[in-house]
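As structure tokens, the structure follows; a few thoughts come after it.
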Amino acid sequence: MKILTAAQIHQLDLYTQEAEHITSLALMERAAEAFVGWFTKHTSLQKEIWVFCGRGNNGGDGLAIACLLINRGYKVKPFIVKSGPLTSDCAANLSRLEKMVAVTSIVTEEDLVKIPANILIIDALLGSGLNREVTGVYAAIIDKINATENKVYAVDVPSGLYSDYPAKHAAIITADHTITFQMPKLMLFLSDHEAFTGAWHIVDIGLKMEGAADIVSDYSYTDAAVIHKMIRKRPVFSHKGTFGKVLLIAGSKGMMGAATLAAKSILRTGAGLVCVHIPGSGVDIVQTLIPEAILSIDPNKEVVTVLPDIDGYSAIGIGVGLGEHPYTADVLEELLVSSVDPLVIDASALNILASNPHWITHIPPNSILTPHPRELERLAGMKFQNSWERLHKAIEMAKKMQVIIVLKGAYTAVVMPTGVVHFNSTGNSGLATAGSGDVLTGIITSFLAQGYSPADAARLGVFAHGYAGDAAAEVKSKAGMIASDITEYLPMFFLDFEE
Ligand SMILES: NC(=O)C1=CN([C@@H]2O[C@H](COP(=O)(O)OP(=O)(O)OC[C@H]3O[C@@H](n4cnc5c(N)ncnc54)[C@H](OP(=O)(O)O)[C@@H]3O)[C@@H](O)[C@H]2O)[C@@H](O)CC1
Ligand SMILES: [K+]
């Protein structure tokens, strides 16, 4: 799904109105119904609801929501900011609501009343039309709402947050839930914004998506529909060579678990064969824990010191549990220089690269690098001030290095060499656990070996990893799940997407 800017969504709005011969007011009603559909499913009739409405269409949504909630028996107290003229749809909904209940006007800060405890708040002050710093009466209302302990539900976006770029001002609603229309906005994916957005949910308001076909966006959201199109059926007439042969260069003394987790994930993702190159001391561990793997045994007992023969493999992954011994670093350099096909590079291999930035030019184009934020900082040689800067540095690096950067975190960003970013839709905080990254590396390498393009392998891998993590969390809980559970639940992904 494309992630559009506020201006592009407005374009899609107009397209829908024209294609369906409906008015903007009718579209506003649909948006209000979609919000109310979500809201009534997740809240009770018991508490009074205060709805704060601005003078634009976000406020118009709020007023329409208030009408619908009153009709459903909720106790509603609406407010309207009248510091300037209302949009026509906002005014139309205000007169409708005024026939049902008294609407309190707020013109200046003096009109603000004390907000009681134990109510619910709907924030419909400012939406995607935000175009300047929030000050004055809007800022005063936002501060007052934020100062209460009440649950806050933001309509479309938390008021004060721009949809497409970070805000510099402080007056931004801190919502518990954001119910966003039709598609997620770019700002919902930045970790710094979680405090404002709370948990966010997409509700469908029936915009005609074919109207977005020609709209260019550098951002997209990898949802289930995208994955269904991407994943291929396994051919009936097949043998293990059909599904690729992986070489995994991994492990060091005390870090053999990483090699095992990645190797097991490679097989659980469907590759035909995995050969793991490990130091001698890991043989019993890896062979016992994963008898399906073939071993290539390094002459050194503790660390990898020799690059095995790399011919004949359909994909190679390097880095998990390797450590950064100088001999191991030499192996990485040799691999980068001698490989022409894209590699999957993770963990220790990324740190070795960070210490040897001049090797970056040897990385085969379209290789997949899977850093977490700290590893990206090391690679970039700088500390990031915030998640916006981090994302943009990743984009700059992916373009410059002509690689795919999988920037791990909530909504993992898969950044293409073109600069296009695909945010992932699966996963949960339970994935932030030791060994989770090793599992991801295994999954991505496995898809690459099975003939998926590096771009698809990265997106599929991240999605499947999150999906398995969600399945694991349902049974084991977010806190209780561990990395090997992600591997164990990988078949759930294939059951749901491949069969
Ligand atoms: N397709 C969809 O998704 C649909 C979207 N819909 C809804 O429409 C919403 C967008 O509505 P919108 O364009 O009218 O803008 P909104 O956010 O209400 O702002 C209103 C006005 O406030 C002003 N203003 C700006 N910044 C300010 C500031 N800092 N402090 C004070 N004032 C400020 C500025 O006006 P100005 O003062 O510049 O004339 C601006 O125009 C969207 O979020 C969704 O809820 C649905 O109804 C239907 C389908
Ligand atoms: K809002």
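Heads up, the Cβ atoms here are built off N, Cα and C, so glycines get one too.
Annotations in TrEMBL come from automatic prediction, not curation.
Residues ASN58, SER159 are recorded by TrEMBL as K(+) binders, and the candidate that the same record lists for that site, out of ASP13, ASP123, ASP192, ASP204, is ASP123. Cross-referencing GLY381, GLY435, GLY437, GLY442 against the AMP binding annotation in TrEMBL, which names LYS408, GLY409, ALA410, TYR411, THR412, picks out GLY437. Across the structure, SER159 (K(+) binding site) and SER128 ((6S)-NADPHX binding site) place their CA atoms 9 angstrom apart.
Within 10 Å of SER128 ((6S)-NADPHX binding site), counting C-alpha to C-alpha distances, fall the following of the binding-site residues ASN58, LYS408, ALA410: ASN58. It is 21 Å from the Cα atom of THR412 (AMP binding site) to that of GLY321 ((6S)-NADPHX binding site).
Across the annotated binding residues for AMP (LYS408, GLY409, ALA410, TYR411, THR412, GLY437), the two most widely spaced Cα atoms sit 14 Å apart.
In the structure as shown, the Cβ atom of GLY321 ((6S)-NADPHX binding site) sits within 10 Å of 26 other Cβ atoms. For ligand 2, the binding-site residues lying close by, meaning a CB under 6 A from one of its atoms, are ASP123; the full candidate list was ASP123, SER128, ALA410. Residues within less than 8 Å, Cβ to Cβ, of TYR138 ((6S)-NADPHX binding site) and separated from it by at least 6 positions along the same chain comprise GLY54, VAL81, SER83, LEU125, LEU126, SER159, GLY160, ALA171. Taking the C-alpha positions, the distance from GLY60 ((6S)-NADPHX binding site) to TYR411 (AMP binding site) comes to 31 Å.
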